Each structure stands twice: as structure tokens, then as C-alpha cells.
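> Submitted below is the structure of interest, expressed as C-alpha cells.
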Amino acid sequence: MANSGLQLLGYFLALGGWVGIIASTALPQWKQSSYAGDAIITAVGLYEGLWMSCASQSTGQVQCKLYDSLLALDGHIQSARALMVVAVLLGFVAMVLSVVGMKCTRVGDSNPTAKSRVAISGGALFLLAGLCTLTAVSWYATLVTQEFFNPSTPVNARYEFGPALFVGWASAGLAMLGGSFLCCTCPEPERANSIPQPYRSGPSTAAREPVVKLPASVKGPLGV
């Protein structure tokens with residue numbers, strides 16, 4: 001019962017992390033315009049993501065444009081795209097395996113050991129999905145930080161962390177935490193099929209004593 005509760009907790013944590021990974025992948029606010037220091041606050045806020053760039057007007061109107069060319073993008077954007085897509089796919093497979101392997105489902109009840117191993121496999125894939133997300137988000141954030149503190153970057157062209165990065169960090173943490181809980185599920189040891197036999201006492205000592213037969217030529221002391 002304890003393992004079943006731990007599986008449910010891990011599954012819902014990892015599922016929430018996977019949904020957050022999808023949201024982080026789709027959001028265009030991976031980096032946004034910086035207004036720190038001497039930067040002039042303009043009426044237009046710029047956002048950039050993995051798939052598009054957006055401009056937000058002071059009136060609330062937002063205009064977004066998809067990137068025109070795939071090959072013309074920077075290497076870190078292409079790498080982040082690949083890692084996030086892989087994380088989404090791994091999370092989907094992990095979700096299916098976890099549902100099959102959890103004790104609260106009816107699939108594979110005839111083999112509890114194999115069922116637990118399937119749940120552990122799902123947890124491992126959730127861990128990989130969270131690791132891919134963490135790598136992509138942290139790498140992107142590192143480049144944004146380097147560009148921000150680069151003296152050659154104009155003040156009005158500097159960017160800061162966007163909300164999508166924080167969503168990605170939180171989602172990666174949830175996916176890895178939930179995957180860890182699923183991996184902590186220990187398979188049940190196989191029980192021996194043999195039925196214990198009742199104890200039977202051995203034959204008595206008297207029955208084990210050998211019977212000595214005298215030859216016919218030997219007679220007793222009375223000559224009988």
C-alpha cells in the first residue's frame with residue numbers, strides 16, 4: 001500500500017511536470033526586453049522564444065512572427081528545440097509506461113514483478129525528460145546572462161530571463177521528483193511455490209536396533 005501511494009504521488013508530480021514542459025516549449029517568452037540600468041522604457045516590449053518572436057504594444061496588442069528559416073537560427077536555439085521536443089516525447093512514453101506499471105491499475109496483475117519494473121522504467125524516462133528540459137533551459141539562460149553582461153551589447157538590446165525559463169525549471173524539477181518516486185518502487189519478491197510439509201518424527205530407536213539371530217548349532221546353557 002505504501003508503494004502504491006508513492007507511485008500515485010510520483011505519477012501526478014511527473015504528469016504536472018510534463019504539462020509544464022509542453023507549456024515551456026510553446027511559450028515565446030524565453031527571453032524578454034530588459035529595462036534595467038539606463039535602458040529606456042519604450043512602448044514596445046520584445047519577447048523571443050524557440051519558435052517565434054513577439055512584440056507587445058503598450059495598448060496590449062501583441063504581434064508574433066514565426067522564425068523564417070530553420071538553418072538561419074543560432075545553434076543554442078536549435079539545440080534547445082531538440083532537447084525540449086525529446087523531453088516532450090520521453091514524457092509521453094513515460095506517462096504510458098507509468099499507467100501500465102502502477103499497482104492501482106489492472107494491467108499486468110498476473111506478474112507483479114514485471115509490472116513494478118515497467119513503473120520503474122516510466123520513472124526513469126521521466127527523469128530523462130526532466131534532465132533534457134533542465135539542460136535546455138539552463139543552457140539558454142546562461143547565454144542570455146552572458147549576452148546581458150557583455151560590454152559590447154547595447155543597453156537597449158539586452159534581454160533578461162522570460163517566464164518560460166522559470167516554467168521550464170519548475171517543470172524539470174517536478175518531472176525529476178516524480179520520476180524519482182516512481183523509481184523508488186521496489187518489485188515484490190517472488191514467493192516460493194513449495195508448500196511447507198508437516199514435521200514427521202523418525203522411527204523409534206528401538207525399531208532401529210538390529211535383530212541378532214543365533215545359528216541353529218548354538219544352544220543355551222540348559223542344552224535346550
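Cβ from N, Cα, C; glycine included.
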> Based on Swiss-Prot, do Gln7 and Arg106 face the same side of the membrane?
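Going by Swiss-Prot, Gln7 and Arg106 are on the same face of the membrane.
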> Name the residue range among 140-160, 161-181 that Swiss-Prot annotates as transmembrane segment.
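That would be 161-181, the stretch labelled transmembrane segment in Swiss-Prot.
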> Near the transmembrane segment (82-102), which same-chain residues lie under 8 Å Cβ to Cβ, leaving out any that are not at least 6 residues past its ends?
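Tertiary neighbours of the transmembrane segment (82-102) are 4, 7-8, 10-11, 14-15, 17-18, 21-22, 24-25, 50, 108, 115-126, 128-130, 132-133, 135-136, 168, 175, 179, 182.
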> If you average per-residue pLDDT over the topological domain 'Cytoplasmic' (103-117), what number do you get?
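Here the predicted model's pLDDT, averaged over the topological domain 'Cytoplasmic' (103-117), is 77.
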> By the DSSP assignment reduced to helix, strand and coil, which category contains Cys54 (disulfide bond)?
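Cys54 (disulfide bond) sits in a strand per DSSP.
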